[in-house]
Amino acid sequence: MSPGSRSCWWVCWFLLSPVLLSRALELEELFQFGEEAGDLQLPPGSDSTVELPLNRSVLFFSEESSRVHINTNGFVALAKPPAQQEYLGKMPSGFKMIAALLGDLDNSDGHGKVYYRQDSSPDVLNQAAGHIRRAFPSDEGVEPTNALIVTWESMAAWGTSGRGDGLDAKRNTFQLALVSMESSSYAILLYPRDGLQFFSTSVEGESKLLEAGFSEGIVSGWFWNTQQGTYFRTTTDDEISIRELTKKTNSARNGVWVYEIGATPIFIGIAPGMVTRSPEDNDATVPPTSSITYETFTSKTTEAAPEEKEEFPTVFPSEYHLRYPEAENVTPQHNISGTEEPENEEPDQEYTESETVAPTSTNTERVHSRYPDPPETRYPDETKTRYPIPETSQPRYTNPEPSQPRYSPFAPRYPNPDPVEPRYTNPKPVEPVPPHSRPQHPQIVVIDEDEDLNVNVFAYNLETCANNRHKCSAFADCRDYSQGYCCHCRPGFYGNGRDCVAEGKPQRMNGKVNGRVFVGNSPSAVEFGNNDLHSYVVANDGRAYVAISNINGTAGPSLQPLSSLGGVIGWAFALEQPGYQNGFSLTGGVFSRQAEVIFQPGNERLSIKQHFKGIDEHDHLVVSTELEGRLPAIPLGYSVQINPYKEIYQYDRNLITSSSNRDYVITSPDGDVQTRNYQWRQTITFQSCPHGETSRPAQSTQQLSVDQIFVMFDADNNLIRYAMSNKIGSVHSGPPEQNPCFTGRHGCDINAVCRPGEDLQFSCECVTGFAGDGHYCHDVDECQGGVQVCGQNAVCRNQPGSFSCECSAGFVFASDGKTCIAENRPVDHCQRGSHDCDVPQRALCSYTGGSDYVCSCLPGFTGDGRACRDVDECQQDRCHRDASCSNTQGSYICRCSPGFHGDGFQCSPSEPEQTQCERHRQNSQPAPSSGSGFFSFFRPRPAVGQYVPQCDEHGAYKPTQCHQSIGQCWCVDANGQEIPNTRTGPGSTPLCIDQTVTPLPIGPTPRPDVHPIAPGTHLLFAQSGKIEHLPLDGYRMKKEEAKPLLHIPDRVVIGVAYDCMEKMVYWTDITGPAISKARLSGGDIIPVITKELQSPEGIAIDHISRLLFWTDSMRDTIEVSKLDGSHRRVLFDTDLVNPRPIVTNPAYGRLYWADWNRDGPKIEMSNMDGTERTVLVKDDLGLPNGLTFNPGDQQLCWADAGTRKVECMDPHRRLRRQIAEGIQYPFALVSFGRTLYYTDWRREAVVAVDRQSERETEEFLPQKRSRVYGITTTPTQCPQAYNYCSNNAGCSHLCLPRLGGFTCRCPDAADGRCEERNP
């Protein structure tokens, strides 16, 4: 549709539709709701919440959510809301919220209802699409795919029910529809005629107006702290704004309000509908004469200092209000992206009247969809096309945390290297514009004072340190200026004031590298997908070390010339010469860098984009890197040398540029040398404090000197390494500084700062957090100093050079991020045991949010959940006709009748297959006579002295076998093999452990007795650089006592295992990579294996034989060693693609592992010595991530992220059954008694599943949400089993158990004294 036809359509629509839409919204015109629509109901109450997984994710602001929380109080949240006293009357909220009409609402009297459902029917989607199209008539491709309909019907204000004063009769009804499309989400709010009968509720004894809007919640700020996100408020503090929700609109229909609330790939802000007048208004058929632009009101600076005119303003998230101004005749001013500008425009024009400043968009495709091209028709005279007057107001942007005053036109924080400068012109109606084109960003409009312009301009009070001191670093002072405040690092520290680090302190940097790079003439690109980048900087001499992992042999050698890929880190922490500043001193580690490299003579081009995000909670700098382009090919084995170079940096406020030509020398393995060069150009942008002279760099030009450059591709470990020494100083030639502090040749400890004295004198001082003489510095444990460094209810954690404070269990940080306050949580009666459900053997209590729960009878019982009685399944003919049925509590047993065999559900008259013991017994007897006649009636007898095995009723070997002829007895394992050292003489019988497993019958089984669990058992699970500790009370998780057991910063821990003998925790780390251990009681981390690892993931321990097993998904191996890492041996290195989980069965000498190869997933088994490898499961598998073995009932269980199931099997008899289905994305699994616990990536939780009831029983959500990895238990007692490898069984090196015995094996790096044997 052309812009001209859009305008025609718009006018015609207004002229032709007053009859169609000439009345207010009626109750019947809401989306259908109620039980007849298939709605579910929220439990009655004054603060009820239900969590609802969505069929299709909803986009809200810049994030995507797959579940929502629906609350009584008139809102839908995208995170679990706290108790209502945390947000009622205290908006904006700290969590993401869509407030349809927020207040203290109540429906506990039974009259009010809260209905909800998800609906993708054509009728509902067409109704939603109609509202969206009317709100945004220029949008095309409005095709909803799913809708969530929430209806609050006849809701009362809390505390009014039953008062008899008339307030109890006033009820509010309103509706919210969350509509999802492929790349955007919309909120449709519907307020029907007479639907709003009260406009305030009582909150803490004070009357508070209802309010509607969209709150982004707490978001990460520019620096290490967090801040309140955007709050787009659609009502004001005036009651009339609430009353007019039913009388006005932004979607051409009174009572209907439409907002775009999220979009991908880029989202700027909440976008309200554009059609702000409904045809039922009095002048609906008369085209009005003015329009409106959504405006940002900011303070106008009348006398800016000259240097301030070039500044870029800081734009923080704002709160939006709708206003209803008296003056409605405002001349429309349109700023259209892509509009042709007048020629010969002066760069510094005067700004008069209303001046619109539009930021440069980074997504032209999306901008075009919102900004239709202007029509071709031009108007030579002054006559202008008029468009309807919207009476709804401009959102007024205010800031919960006052932002800094504006000094110059807005610019994006991270501009492109060659940004297109925005142009500013006086408004001239060159071409008509379709009305209400949605802005690509809320525009910044400067309003001059004009008596004729009756617009209420809102102005900020200037920011001061009194309200913003917390935004400065703990090592900085806040200083007020006439136009605002700035943060300045204290003496002994350097940075931009928001982030400050101690002078001389070594710095670490971590990040990821992504992108696509072509090498040479190759048509296929080398993909970089989250490759790890690690850097270490010795700040007191300017040395920087950078390593990037997982670089293949194709790209690795060709990346060697790009020392400047990490050179920006060297610039950030270059050794400063007197009067000069390195990058961190200016930026605080928060900046963006874009570089372009052009290689000669082939003219290959590479683009490098890096975002430096400041210091994280581990006191490390964070960087993300993107590479795109082509590199000249350098063959594997060739080395690269880069000569020392100097580079001039040009500084302007918030902008740094540099360019240079660099030579590098390539040397072949044969000694052939060739010299090449490349051109280098980079732009660095950052945000500085605009107040005071200190915001400018000390020098407008500075020279970075780089020497001692080392580059190498480590093909064995797939690493590219860079190292260099960096100094920042003057561009002018002159005698160099000779003081050791400026040359770096001082010999101070790496944790010390060098203090220059006269001439060549200097001194070394340990940095903050370390003590010593400066030449040797050791860490100071601030937590042991006898002084309470953390507040009440907080725990101190020592870190190298620093410390951190964490809230104790049951406490959380308050809004200041420092004080620990008691966590106010709703009561989970199911967890506490304060519910009225029937006993756990008959009923299940399910927590539904808030303090609500639901009782339901377990399978095999019937009732209302509070009283359950057994169902006699034998009356339902569930068994086979040739089987007998026995009823039990909650279940039943089917047994085949004599003469038949089977599981009771299927019985067959054929003879059952003999077991191993039965075959052994038959073979030990002589064959029956083949003759006929009288002698054929006699059964043969075994020969005298012949041993005949004894079998039990299931056909398994009895644990004690005796040979009557010789009078001896002995113990055997499950295969009938004699266990060494158990044979006894006549008259004595050994005490043998039954090593066989009775198979579970297929189908329902009797409920086993519940045995008490020994106290002191815990769950350990890995999450984001730490291992968490979660105690168990029986099978229940004691969530309130969860806390970190071990902090491992900058490490990704995958697998976790526990040695119950030595109380030691073992884990795999793929970032090291390494395998390490630590005592459960605390102490130092002890490296176990640090070499010849690539991606160690699964880990398992044999506590009997003292062995360690692990998988490596990149080496595709399964390996074994002693628990101390010695005598390492590869067990398997073939037919493995993605091995991950691994578990042991010490009693049987068995090893089990899973391979999640997408083309052929499987679960395998072998002896621990590597013999008898076999595939256990290969059918109906997807991504078997988690694996566990229960020694109590010999069950092997797995969690599959592909089939989304948890299943178990008896590996001896291959009996398989399903435990749970419909789970989300399990990663690791552990068994404890009757309960399975698994970690889930999508839920970011630990989930418990009861194997008997086959139901999820509870989940634990860590306080800091992120992916959870490996999980294990810490039993207080070790499972007992026979130790074939006691005293290493006489083996010289490795004793590896196998079924019924052991094998002596040599490690891969064995000396000549090792002997292998099979006893």
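In case you wondered, yes, glycine gets a Cβ from its N, Cα and C as well.
Keep in mind the model is a prediction, meaning the values are calculated, not measured.
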Correct range for region 'Disordered' (source TrEMBL, candidates 276-295, 296-315, 916-935): 916-935
Within-chain partners of the domain 'EGF-like' (826-869) [C-beta distance under 8 Å, separation at least 6 from its ends]: 43, 45, 47-51, 69, 80, 83, 889-892, 1004, 1007, 1010, 1036, 1039, 1253-1255, 1257-1258
Reported mean pLDDT - the domain 'Thyroglobulin type-1' (914-992): 74
Same-chain residue ranges lying at least 6 outside the domain 'EGF-like' (737-778) that approach it to Cβ under 8 Å: 492, 502-506, 538, 540-543, 575, 577-578, 725, 727, 729, 800-802
For the domain 'EGF-like' (737-778), residues assigned helix / strand / coil by DSSP: 4 helix, 15 strand, 23 coil
Disulfide-bonded residues (CYS962, CYS969), the one with most neighbouring Cβ atoms at 10 Å: CYS969
